[in-house]
Every structure is written in C-alpha cells, then in structure tokens.
Amino acid sequence: MSKAKTSSRRDVTARVLAAILGGYALAYAATAFLSVYLPLVRSDRVVFASLSCFAVYTLAILYAFAARSALQAWLVLIGATVLMALAAYLPGDFGVRP
Amino acid sequence: MSLRQSMAGLHTWGGLLPSWLLFVIFFAGSIACFDKELERWMRPALHEPSSHGMTVDQVRDAMLAKAPDAHAIWIRPPSEREPFYWAGYEPADESAFVRFALDPVTGEPMPETVGGLFFFTLHYDLNAGMVGMYIVAIAAMLMLVALISGIIIHRRIFKDFFTLRPDANGQRAWLDAHNLFGVVGLPFHLLIAYTGLAIFVVFYMPAGIQRAYDGDAEEFFHDVMGAYSREDVKQPAPPPMSLDRLVADAQRRWGGKETGWISVHHPADAAAVVDIRRYDRSGIVDFQWTFSYDAATGELLHEQKPYSPGYQSYAWLTNLHMAQFGGQIVRALYLLLGLMGCAMLVAGLQVWLRKREARGGYGIGLVRALNGAVVGGLPVASLGLLYGNRLLPAGIAERASAETWVFVGVWLLVAGWAVLRRNSGKVARDVLVVVAVLALGLPLLNALLTPQGSLLATLARGDWDMAGIDLVLLASGVLCGLFAWRRSQPQVAKAPRVRRRLAEENA
C-alpha cells in the first residue's frame, strides 16, 4: 500500500461528516433554490426540484471524498449551500409565484 | 491521492457497510415482482379459477356491516392477476386501514396470510414502518454513491466485461464476477436506486414544498394530482345509489377498460362521495382516470384531468421501479436483474474478504458472520415462511403474524448457526444444502396439502403463473444442490501467478 493512501482518522471522519451533513444541506438548499427559480409552474418546479435532490446529494458525497482536503470539502459545500439558500429564501414573493 | 484512489476507498467502505441491508432489499424486491402470483399461491382458495358471483354492492354492504361509521371504504374488483375482491375500510378515527381478501366462492374473508405483500413491505421498509423507510433510503443513497464511484474506478469497463477467470485465485475470480454482474446490471441498478428514492421523495426532501407551498403538502398534492374531495355535513345519508350502476357509468365514460380501486368517503354522511378509478396497464403511467359521484343521487361531481407534467414524470419514474407495465416478461426481467444485483453484492463482499484473508486485517470474522447470517439466512427464512403458510392451521388467530414469526424464527436460527460456525468455512455449503432440501420439498408439500394447486394440476390446466412458482422452486433447489456438491469437492491448490496489479486491488 502506498503512503498517499494512509489518511488520518480525523481526516476521514471530517470527510464522512461533510458528505452526510454537508451533502444533505446542499441538497436541501438546491431543492429550495430550484423550486423557486425553475421556469415552470409552481407544482412542477417543486416536483422537478425534489426529484433532482438525490443527484445533488450523490455528487456532494463524491466530492467530499475527492476534494484535496477535508477543510476544502467543508468550505466548498458550506459556500454553495449558503449561496443557494440566500437566493432561495431572501426574495419573499418568488416562492409563491404561479 | 488521485481521484480514482479516493473513489476506490469510498467504493470499498461505502459499499461494504450497506451491503447486507441492500442484499435484503434486492432479494425481497426481486421476489416482490411476483407478489400477486405468490399471493395466489399462499391462498389455496384461489388456486383453481372460479367465477366470482359477487357484485360491488354486496361487497360494500359487507364492509358497512363491519364498520357502519367508517371514514372510508375501499373496494378493488377482481382483475387478471388478482382474481378476487380486495376490500377494506378506514376506521372512523382514521387509524390503520383494515383490509380483507374475499373468497371468490363464499364471499367471506379468506384465512389470514401475510401473502406476497410480505416481500413487498420487506423491500421498502423492512416491515419497520417509517424508521425502516429511512433506513432503506440511506442504503439506497449509499448504493448510488457506490455505483457512481464504481464507474469512476472502472476505467477498463469494456475489457473487463469479457473477462471471467473462474479458475484464478479466489479474489481475482470474485472480482471478475463482481465486475461482470455490476456492469451488466449497471443501467438497471442506477435506475432502480434512483427511482426507489424518488418514490418517497416528499418524506426525504421537504424543501420544495416548504419553500414554494409554505409546507402545505395538501395544496401541493391537489395541484399535481387534481383529486376531488368534499367535507362531510354531519347529516345522515339517504339510501345510496347502486355502486354497480355507477361503475357501469364510469366504464362507459372512459371506454370500457378494467376498474381499479373504488372508494366511498364518509359513507354514512349526506355528503358521501364515490370515486371510481380506471385501471390501465397499456402504458408505463396510469393516471387512474377518476370519476367522482354523489353517493346518493349518482350525480357526476368531478372528472380527474391527466396528471400535470411534473407529476406525470414522477409517476413515470416510480412506475419504472414498480414494474407494473409490460406484463410477465418485464417482471421476469426485473426478477433476474434484481438477483443479479444480489450476486454482485455477494461477489463484492467476497472480494473484500479474500483480500483481507490474504494480507490479514480486522473485521474478517464480523463480515463472515454477517455473510452467513444475512446472505444465507434470508433465502432459508423466505422458504420457511412458505412452509409456515402451508403448515399453520387455517383457523388459528393472528395467522399472519404467526407466519411472520416463522420467518423471523428460521432466520434467527440460521443467523445463530452462521455466527457460531463463521470460521469453519462450511456455512455456505450448509446453507446451500438446506435451501436445496427446502426448495425441492416445497412443491411436494404443496401437492400433498393442496392437490388443486399441485404442479401437475396447474400444468394440466395451463396455469403458468402458479406452475411457475413451483418450477422456479425446483430449479433453485437443483441449482443450490449442485453448488453444494461442488463446494464439498476437495479444492485443488493453484500455483500463484504473477499478475498485473489493478487499481481495484489497491482499494
């Protein structure tokens, strides 16, 4: 086994947490974002946004392990989550548009 | 660490942890493809084709006699795969639905059995309600992750597809098998994992409804499905219109196809509503074209429009998962692909084991014990359930839960055996022998106890749905017997060969 393979227990734990919690947070924010901004009627926005959440979650989990470091994984996931959540939740009247 | 190395680590551990759970889900789901045929097999009263003389009105009266103040009663007329009435009611307090399968000859409820529905429930919530649903969802997410990381690791996908070296050392042969089953089944596995998650998406991801509908799920479902409902007015109902006449009217309106579920909401109230749904398997999506009538006057209150594009897509995805289209061919294909998924999981577990047996490592005993307990225990317990179905007396109370206890008891027995003998190397052979004996014995028992459902009788009248179950049991018995015999032959030690190292081996 190569040297590069051995990663510390702390690093692995941090990545696992980033994948599970950060990934779900990102999927949640992305679903809220899409259910506001997709160019469809309201019910269809919700359906398609919800159906895409598993793809977002999967990619986020893969990314958490592919990222250069656990810290980077956390920063990117949190950053993307915050951006999408802000866009989804700040403009009040967008959510209920027809 | 390269991308492929990091994905290999994720694939190994993310794949190992849910493996046993996924095996249960895959195995139960594969069997559940033929749940309605199993239901018939498990209810001897349905073995012989019979004409059902009951009308929908008689079934309604029977349900109302059982629960005069029911919140709603539901009736499902006989169909091709289910030649009997399903009926039931939601109690006034809207607690759990009480359902009955009615004997086509007598019209009385048939003896209780968990039926084919047992495997269906085991498949989606492990018979553990909401908690089980979330556990299954986590396993499905990890499966998606394992599939995508598997694709990333597997750069030589086409070359390996044509590689099978059963005479190579254990790890190599199992890896070939894992790759073969994984690659052949890949489109199906991706589809089944994703659509399986999609079915209960409103439970797993509430963000959309919370943001766009302020959390009002009812309004959302009204928008997408266009269902009709009417509040009760707390006044006693006048004598109701004949349901058979309403069914005839609905069939005339949609052009004479099969009728699906019929429901009467608050039947004892003046505002009672009858919903009649069409049952149509000509496409993947059936939007259950529904007509809503006033129960007393028979006035047509509402006609359901086809689903909105979003819900149509959702229904298309979920129906791809449920395999209720395309007839028995599609179901047989799903069964085979599902079992191939089981084989991929078993081979993957063996790769993990063989690699660590070769170089030493922790957790070997635990993985061996779980392999025997789950991979060996579930098929034996499933056969045990079918034995229980035939051997438990028809009249006993709580017969369905007695069947479940047979299933659980047999499984615990095998699991205990597998844990105790985990390092003997003989558990697999023992399990194969037991499965062979049980599977070969079951058609025999079936013929002895229910002659009208014996293989000879079903073949003679060309009832392939019923005969198929016995034939599959016989075939799996012979196959497991052969495997057991092969395993008990002395192994010839092979000289180690120098091989190219694969990325997968570094995982």
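Heads up, the Cβ atoms here are built off N, Cα and C, so glycines get one too.
Positions annotated as transmembrane segment by TrEMBL: B:12-32, B:131-153, B:180-205, B:332-353, B:365-388, B:400-420, B:427-446, B:466-485.
Residues of the same chain lying 6 or more positions beyond the ends of the transmembrane segment (B:180-205) and with a Cβ under 8 Å from any Cβ of it are 29, 124, 130, 133-134, 136-137, 140-141, 143-144, 147, 150-151, 154, 157, 160-161, 164, 217, 314, 317-318, 320-321, 337-338, 340-341, 343-344, 347-348. Through the fold, the transmembrane segment (B:12-32) approaches residues 38, 116, 119-120, 122-123, 126, 135-136, 138-140, 142-143, 145-146, 149-150, 192, 334-335, 338-339, 341-342, 345-346, 348-349, 352, 367, 370-371, 374-375, 378-379, 382, 507 of its own chain, all at least 6 residues removed from its boundaries and within a Cβ separation under 8 Å.
Listed as Cβ neighbours of the transmembrane segment (B:365-388) (distance under 8 Å, sequence separation of 6 or more from its ends, same chain) are residues 16, 20, 23-24, 27-28, 31, 41-42, 114, 118-119, 346, 349, 352-353, 402-404, 406-411, 414-415, 417-419, 421-423, 427-428, 430-431, 434-435, 438-439, 442, 445. Sequence-distant neighbours of the transmembrane segment (B:400-420) (same chain, 6+ residues past either end, Cβ-Cβ under 8 Å): 112-114, 118, 127, 369, 371-374, 376-378, 380-382, 384-385, 387-389, 392, 427, 430-431, 434.
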